[in-house]
Amino acid sequence: MERYTKFLKERAEIELSYAKQIRNLSKKYHPKRSREEDSRYTWCVAFAATLQQLNELSAQREELAESLNSQIVSELSRYTQELKAERKTHFQDGRRAQQHIESSWKQLESSKRRFERDCKEAERAQQASDRMDLDNKTDGEKARQAAQQKQQAAEESRSFYLSSLSRFNQDQQQHYHSLVPVIYQRIQDMEERRIERVGDAMRASAEAERKVLPEAGRCLDAMMDAAQSIQPRKDTRQVVELFKSGFDPPGDVDFEDYSATMRRSISESSYLDNRTEGRRHSRKLWPFIRKNKASSPADCSNLQPEQRRKKLQSRIENISQEIQREREQRDALLKMVQVYQLSPQLGDVDSLEPRLEEVKQSLQRLEEELHRNQVLPDGSYTEDHSAELHFKSRSSEFDDDFEDEEPLPSIGTCKSLYPFQGQNEGTLSMVEGELLSVVEEDKGDGWTRVRRSLDEEGYVPTSYIKVFLDSSAKGAMTYI
């Protein structure tokens, strides 16, 4: 009983250890908050569901260990103590019965030896009496009296021996046919109950494990469903949707005839045209430029232009919804203030001031955040360094010959919505509300070419301006 109880204890400890290791494993591989974007993929969702079900399995193993400890091990430990006490009682009864039969046997042996001794003494006294009768009648009479006494003592010893013998035979009969069989039967009954209790405990432990099998099966079924829910085509399409650049495929590269005489009508290589040419070559290679790891996720500059636009648009919509909720809450509080002012018995106006101030601060913070996101460009002016060097060399080469080149015609106007500080070469700074001429439309990279005067021309973020194109010139400007 103690051995089986110890076995169940160790089994419960193993189950607890297994459950702990499984739970730690599930926690270790559970998606971190920094990788929450992976939840869009079906295989990531399936893996997360599998980890969750694994965690459920560990809970089932813990429940099994708890059942073994609380329902079976504790009961077996208590029953073992009862068996020890009962076993001790039976052994004490057996020792008392053994002591009684041994005492009766000793008494029988003692009476037997006494009877034997008295018989021998009576025989010797009788022989002495017979000899005395022949030799001396006076002494013979004394000898006869002594012999009679010895004979009487022998008769008494015989009676005591017979009594002891009868009593021992009775005790022995009772010992071997009544007392000892009863004791052994009780010990046998106790042993059978112990064995039966071990069997009950085995069935109970198996039943405890059987109870967790349906839950374990449900967890495994959920894991199978999670595996079957994986959709490779959907995941790859989401990757494409997330990382597509938004650029049109590049056109054919034009042949540059260096042997022909350069003509003004063909090249029109002003500083800004060469800038355009450099931008055209760099734009073709832009989708394969390495991402800037130092870009801040706040301005989404680490994303492709199309993705930046979607990200900023989504962020602006969310902030706008929060602003709307805060405004509704503010309006509701203001109405309550008016009601309390008209009817002081309904409530204290001062009690609303902290909450109203909190809503105002939250609203101000959201409006500032909305403005910051609205002024962020949805495109990033990124340029290939080789194209930049190529552009510089060609612009310096042709500056002297084409200083009087005519500027490109305007295709419309635009109004700046936000101030912009052009820090890169080829960009143009502007202030809020400024009117500028549009020279070249946005080609998908997030930048528009504008002109302030004949000497001031450059690129500005498309999201910073509102463009008004001339109907006749709309779509007419193309790359040469």
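Using N, Cα and C of the backbone, Cβ positions are placed for all residues, glycine too.
Automatic prediction, not curation, is the source of TrEMBL annotations.
Over in TrEMBL, the protein carries these features:
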- 309-376: coiled coil (COILED)
- 302-379: domain 'REM-1' (DOMAIN)
- 409-470: domain 'SH3' (DOMAIN)
- 116-155: region 'Disordered' (REGION)
Long-range environment of the region 'Disordered' (116-155) - Cβ separation under 8 angstroms, sequence gap at least 6:
none
Given the model, what does the mean pLDDT over the coiled coil (309-376) come out as?
82
Residues of the domain 'SH3' (409-470) by DSSP state, where helix covers H, G and I:
3 helix, 32 strand, 27 coil
